[in-house]
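Please read the structure below before turning to the comments.
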């Protein structure tokens, strides 16, 4: 059985849904740990490291909520997540999750020194993992998209020039065409001469010469007897 494009999309959609599930789990755990630390840790409540924590919460929710919707709606929609917008979403959110996770880890290691440090570092690491999963999903979906809809199109390779041997082989073919033209001229010319000349000579000999002999000579012979038959005596007879 041949696999259709819909069947291929189903397989890739399942992979995309699996990546969204991993993103939902990692981002959900990260937000839960950070919220727990904000309400219980003294370093966060005392505004010692509250800035990086609030920034983390500000950017983790825009990633968590769309991932949850993607995970819930992919079974019903055929191309959700395997479209250009899904690729761009995964790419942008992946980079964002990596940046906020790394920044949170660097800040917490230097300032906070008790149990909140461990929890917040884990939250940052989960955010980095979520960003990696987003980028993997984006690469997988980019390959599934048709070439006409891709954002990155590879440069077209220039057409290769024909080697010199092929050019030399192509030139004799033109000479062969030129050789055919004289054959037509040679064949046509003798036919025209052979047809025209014999007709003219035969027409002149048959038409003109018999007419002159038959028309002119009998007329002269007919005129001479008329002069001989005139009576001379009739003119000289005297009147009485």
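Heads up, the Cβ atoms here are built off N, Cα and C, so glycines get one too.
The compositional bias 'Basic residues' annotation in TrEMBL covers 153-165.
The compositional bias 'Basic and acidic residues' annotation in TrEMBL covers 179-240.
Marked as region 'Disordered' by TrEMBL: 152-240.
Annotation source TrEMBL lists transmembrane segment at 20-41 (among others).
Taken from TrEMBL, the feature transmembrane segment applies to 53-73 (among others).
Summarising the annotation, TrEMBL assigns transmembrane segment to 85-109 (among others).
Residues or ranges marked as transmembrane segment in TrEMBL: 115-136 (among others). If you look at the transmembrane segment (115-136), the same-chain residues 6 or more away from its ends with a CB under 8 A from one of its CBs are 19, 22-23, 26-27, 29-31, 33-34, 36-37, 40-44, 49, 53, 56, 60, 63, 90-91, 93-105, 108-109.
Under 8 Å from some Cβ of the transmembrane segment (20-41) lie the Cβ atoms of residues 50, 53, 56-57, 60-61, 63-64, 67-68, 70-71, 74, 81, 97, 101, 112, 114-116, 119-120, 122-124, 126-127, 129-130, 133-134, 137, all in the same chain and six or more residues away from its ends.
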